[in-house]
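Enquirer: There's a structure below that I have some questions on.
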Amino acid sequence: MTASAPRRPAAFLDRDGVINYNDHYVGTRERLRWMPGIAAAIRQLNAAGYYVFIITNQSGVARGMFSEDDVRALHRWMLDELNTQGARIDDVRFCPHHVEGTLDAYRVACEHRKPGPGMILDLAKTWPVDMTRSFVIGDSASDVEAAKAAGIPGFRFEGEDIDVFVKQVLIEMQRAAVSN
């Protein structure tokens, strides 16, 4: 991304519990079950002019369940699958660390691990993001806390229809923009 590109808002989406079901330690496509309506939700964000990013804690790496390469391969496949449905993900960040990991190299506290804002802030530095109009959607308190730590709103998705949920978030963000 070039620094001269116009700033756009971003939707930072948690992976497990928003993009796909949270089936714990999903490291391969064989274990991934898409959240119904996710492609439509992402297309909605694309049409509204948002960058769409995935931010995800992947402690399965720290626990030796799968490798960083496995996670990257899964993410490439996910982005390709979504793209065939006209749903574009612009970038992905994941944190493989966990203080209780079984692999020494990954047993560390890391600002990128949610609730830390590291993944959000890294993407905002890499892409021309308008943080004043950006938000996070996640399924846990740590996702909302990461949003707050990054200075943006966080919305907690609890398994309803993700397409309808995204529509409601976009309406709320538009209302907030008008009232400011």
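From the backbone N, Cα and C atoms, a Cβ is placed for every residue, glycine too.
Positions annotated as Mg(2+) binding site by Swiss-Prot: ASP14, ASP16, ASP139. Among the features that Swiss-Prot reports, substrate binding site is placed at ASP14, ARG15, ASP16, ASN22, ASP23, HIS24, TYR25, THR56, ASN57, GLN58, SER59, ARG113, LYS114. Taken from Swiss-Prot, the feature active site, nucleophile covers ASP14. What Swiss-Prot records for ASP16 is active site, proton donor, and it gives similarity to another entry as the kind of evidence. The site 'Stabilizes the phosphoryl group' feature in Swiss-Prot is assigned to THR56, LYS114. The Zn(2+) binding site annotation in Swiss-Prot covers CYS95, HIS97, CYS110, HIS112, and the record cites similarity to another entry as its basis. Per Swiss-Prot, site 'Contributes to substrate recognition' is recorded for ARG113, and the stated evidence type is similarity to another entry.
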Enquirer: Is it possible to get the count of other C-beta atoms within 10 angstroms of the C-beta of LYS114 (substrate binding site)?
Expert: 25
Enquirer: Of ASP14, ASP16, ASP23, ASP139, the binding-site residues given in the record, which has the fewest other CB atoms within 10 A of its CB?
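Expert: Among the binding-site residues ASP14, ASP16, ASP23, ASP139, the sparsest Cβ neighbourhood within 10 Å belongs to ASP23.
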Enquirer: Looking only at Cβ atoms, how many others are within 10 Å of the one on CYS95 (Zn(2+) binding site)?
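Expert: I count 21 other Cβ atoms within 10 Å of it.
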Enquirer: Using DSSP and three states only, what is CYS95 (Zn(2+) binding site)?
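Expert: Assignment for CYS95 (Zn(2+) binding site) reads strand.
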Enquirer: For the Zn(2+) site (CYS95, HIS97, CYS110, HIS112), what does the 8 A shell look like? I mean other same-chain residues with CB within 8 A of the CB centroid.
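Expert: My list of surrounding residues reads ASN57, PRO96, VAL108, GLU111, ARG113, GLY116, GLY118, MET119.
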Enquirer: Run through ASP16, THR56, ASP139 for me and report the recorded positions whose CA is within 10 Å of the CA of LYS114 (substrate binding site), in sequence order.
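Expert: For LYS114 (substrate binding site), the recorded positions whose Cα atoms are within 10 Å come to THR56.
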Enquirer: Between SER59 (substrate binding site) and ASP139 (Mg(2+) binding site), how many Å separate their Cα atoms?
Expert: 16
Enquirer: Just checking, which of ASN57, SER59, HIS97, ARG113 (recorded positions) has the fewest C-beta atoms within 10 Å of its C-beta?
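Expert: The recorded positions ASN57, SER59, HIS97, ARG113 were compared, and SER59 has the fewest Cβ atoms within 10 Å.
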Enquirer: When you put HIS112 (Zn(2+) binding site) at the centre and draw a 10 Å sphere around its Cα, which of the binding-site residues ASP16, ASP23, ASN57 have their Cα inside it?
Expert: ASN57
Enquirer: How long is the line from the C-alpha of ASP14 (Mg(2+) binding site) to the C-alpha of HIS97 (Zn(2+) binding site), rounded to the nearest angstrom?
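Expert: That comes out at 16 Å between the alpha carbons.
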